[in-house]
Amino acid sequence: MAALRALRCLRGVGAPVLRPGSGIRLPSQPSRGARQWQPDIEWAEQFSGAVMYPSKETAHWKPPPWNDVDILKEKAVTNMTLNFGPQHPAAHGVLRLVLELSGEMVRKCDPHIGLLHRGTEKLIEYKTYLQALPYFDRLDYVSMMCNEQAYSIAVEKLLNIQPPPRAQWIRVLFGEITRILNHIMAVTTHALDIGAMTPFFWMFEEREKMFEFYERVSGARMHAAYIRPGGVHQDLPLGLLDDIYEFSKNFSLRIDEVEEMLTNNRIWRNRTVDIGVVTAEDALNYGFSGVMLRGSGIQWDLRKTQPYDVYDQVEFDVPIGSRGDCYDRYLCRVEEMRQSLRIIEQCLNKMPPGEIKVDDAKVSPPKRAEMKTSMESLIHHFKLYTEGYQVPPGATYTAIEAPKGEFGVYLVSDGSSRPYRCKIKAPGFAHLAGLDKMSKGHMLADVVAIIGTQDIVFGEIDR
């Protein structure tokens, strides 16, 4: 009520009245904003007894903080999904991994394959048995002649033939050269992924020398198509065995230099010891083979357990690991290179004279000298390379100890000159399937070390 009395005083009740002749000049129109608006009596009486009742919105209203900044809501933290590859330099080809990361820790690793799929197994069905051979060079394109060896032995089983002893010794010789080629690539690129560049450049110089042996014996540095059903394509050139002997003497020093760089290196051990551990039970359950199986402590080598060609006539040891980690697998590969040198020296010492192809005109082409003088030999050669030879009906599974593991060929013949079905068992496929188990709980940088120790090549995985 005191406010109402003040309003009456302000609005004229009991206030002096200004007249025109009083000497005070009144403005004709007050300027805008000159006086502050004051509520009149009626307005004050109208709202004097108003009461604000709370509504649903106003009941929960809280005044904003003093600096008028909204409080941040807590958000549920989710794992990050990261695409690794296929263009990553450490992916070893066209590997694509979808990684689920919790910070730097790997929670899930999902490999995506098929980016190098060429339909090789189907293409083989449209080729003769000899024309299908070069496809095997392109599967594991780091260990070429070992793939040819598996296919050739499978065809020879179906044909029920056996190559001459000299051809078998040549196969073993170049199979072990191929094993060293593969292990050089595996060990040095693994080191390169982790950060050691020097072994890569040192050992690739030695690799070029072995490519020269390939070239001298077949004309090609990589995709040789040299080991064929019935033997090998041609005999060794003069002086090749002497050069291989000189190489094998000096190569052991190169292995020692690489071991000096890596084996006791503190950084290398920190990046490989207790990384990617695989127990013997897990290795068997996943179907691992080769170094991945032997690194876990299982002494299984098809050259010992199921000898082929002349592996039962050579002496060598099978190195195994004890912990099943990346470091053990590295040591196994280094020791396997030394054992391959032992086998190469035995092949050089025991190389017998004689033929290099089976003495069966239905399988082996005639010699070049005969083709220059005999029309029948020329026709025979032409028909053999265009139509091929008929293989009796049957099926066989043939496996060899390739550098990466058990490389198997399941071959089905229907009696024609073309395979009815050819199924290829690649060792790297099972190893890649175990990548999720091996990398779970490790850091993102350790995934690169695990991929390197698996020695993955996508030519054989995608096929």
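Cβ atoms here come from the backbone N, Cα and C positions, even for glycine.
Annotated features, as they stand in Swiss-Prot:
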BINDING   C326, C332, C347  [4Fe-4S] cluster binding site
MOD_RES   K62  N6-acetyllysine
MOD_RES   R118  symmetric dimethylarginine
TRANSIT   1-33  transit peptide
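Structure with Swiss-Prot features highlighted.
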residue: K62; record: N6-acetyllysine; Cβ neighbours (10 Å): 5
residue: R118; record: symmetric dimethylarginine; Cβ neighbours (10 Å): 13
residue: C326; record: [4Fe-4S] cluster binding site; Cβ neighbours (10 Å): 27
residue: C332; record: [4Fe-4S] cluster binding site; Cβ neighbours (10 Å): 20
residue: C347; record: [4Fe-4S] cluster binding site; Cβ neighbours (10 Å): 25
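The distance from the Cα of C326 ([4Fe-4S] cluster binding site) to the Cα of the residue listed as 'symmetric dimethylarginine' comes to 31 Å. Taking CA atoms as the reference points, C332 ([4Fe-4S] cluster binding site) and R118 (symmetric dimethylarginine) are 32 Å apart.
In this structure the C-alpha atoms belonging to the residue listed as 'N6-acetyllysine' and R118 (symmetric dimethylarginine) are separated by 67 Å. Put simply, the residue listed as 'symmetric dimethylarginine' is 36 Å from C347 ([4Fe-4S] cluster binding site) when counted between their Cα atoms.
DSSP classifies C326 ([4Fe-4S] cluster binding site) as helix under the three-state reduction.
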